[in-house]
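Swiss-Prot annotations:
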- 19: active site, proton acceptor (ACT_SITE)
- 14, 64, 66, 112: tRNA binding site (BINDING)
- 219-229: compositional bias 'Polar residues' (COMPBIAS)
- 241-250: compositional bias 'Basic and acidic residues' (COMPBIAS)
- 192-250: region 'Disordered' (REGION)
- 9: site 'Discriminates between blocked and unblocked aminoacyl-tRNA' (SITE)
- 91: site 'Stabilizes the basic form of H active site to accept a proton' (SITE)
């Protein structure tokens with residue numbers, strides 16, 4: 001069994017918060033695949049289904065973000081799962097909006113929901129070696145702005161990339177069930193248009209890079225390169241005078 005936990009805060013007032021992007025991903029997976037109805041258990045909303053032959057349990061902890069580990073730990077003990085069977089989906093300030101990264105293990109990175117889960121995973125074999133799916137929401141720019149930023153709603157302008165990201169995660173979730181994390185990340189990147197790009201989102205054709213003109217030189221350097229070498233006589237009175245003047249020896 002694979003347990004996919006989306007993190008967030010319960011209640012309609014938090015539904016569209018940046019901090020709730022994990023809930024949004026879980027909801028989209030639920031909508032696009034065949035799952036049982038949501039039910040309340042393990043201090044969470046849960047739904048079970050089968051994806052690519054693997055039984056999957058969706059979990060949305062209702063404990064509030066900072067106590068997410070209580071709910072997830074309870075569900076894992078009930079089903080006798082290990083951290084290798086767990087994928088946690090949550091918001092990441094240090095990734096630009098629309099970026100996705102998956103890794104196994106690591107630290108909480110200042111995320112209180114992950115801190116709670118890490119604490120509860122210490123009692124399981126394998127400890128904190130569960131898979132973490134980080135969904136980029138961007139950073140407000142200053143530490144003192146973070147609290148209001150993560151608990152603020154996504155802007156309308158975010159809907160285009162947000163809908164695309166949620167759909168791509170849900171459509172390719174079978175790769176998670178098969179533990180094909182790198183292929184999953186590549187598929188999401190393609191869906192988000194993250195192919196060959198320069199900073200600022202400008203796509204670059206590798207063939208164009210190969211044909212790029214050489215770097216321009218300053219007009220002074222060009223003049224020096226084009227300057228003809230002086231015609232210095234090799235023999236005669238002038239040559240003898242220059243040898244004495246420049247100290248040139250035969």
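Here the Cβ of each residue, glycine as well, is placed from N, Cα and C on the backbone.
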Give the sequence-ordered list of residues that share a chain with residue 9 (site 'Discriminates between blocked and unblocked aminoacyl-tRNA'), lie 6 or more positions from it, and have CB atoms under 8 Å from its CB.
17, 19, 20, 64, 65
CB within-chain contacts under 8 A for residue 14 (tRNA binding site), separation at least 6:
8, 20, 151
To see if you understand the setup: which same-chain residues, six or more apart in sequence, place their Cβ under 8 Å from that of residue 66 (tRNA binding site)?
112, 113, 115, 116
Cβ within 8 Å of the mean position of the Cβ atoms of 14, 64, 66, 112: remaining residues of the chain near tRNA:
9, 19, 63, 65, 67, 68, 113
Let me know the DSSP-derived helix, strand or coil state of residue 14 (tRNA binding site), please.
helix
Cβ distance under 8 Å to residue 91 (site 'Stabilizes the basic form of H active site to accept a proton'), same chain, sequence separation 6 or more: which residues?
7, 18, 19, 20, 21, 22, 111, 134, 135, 137, 150
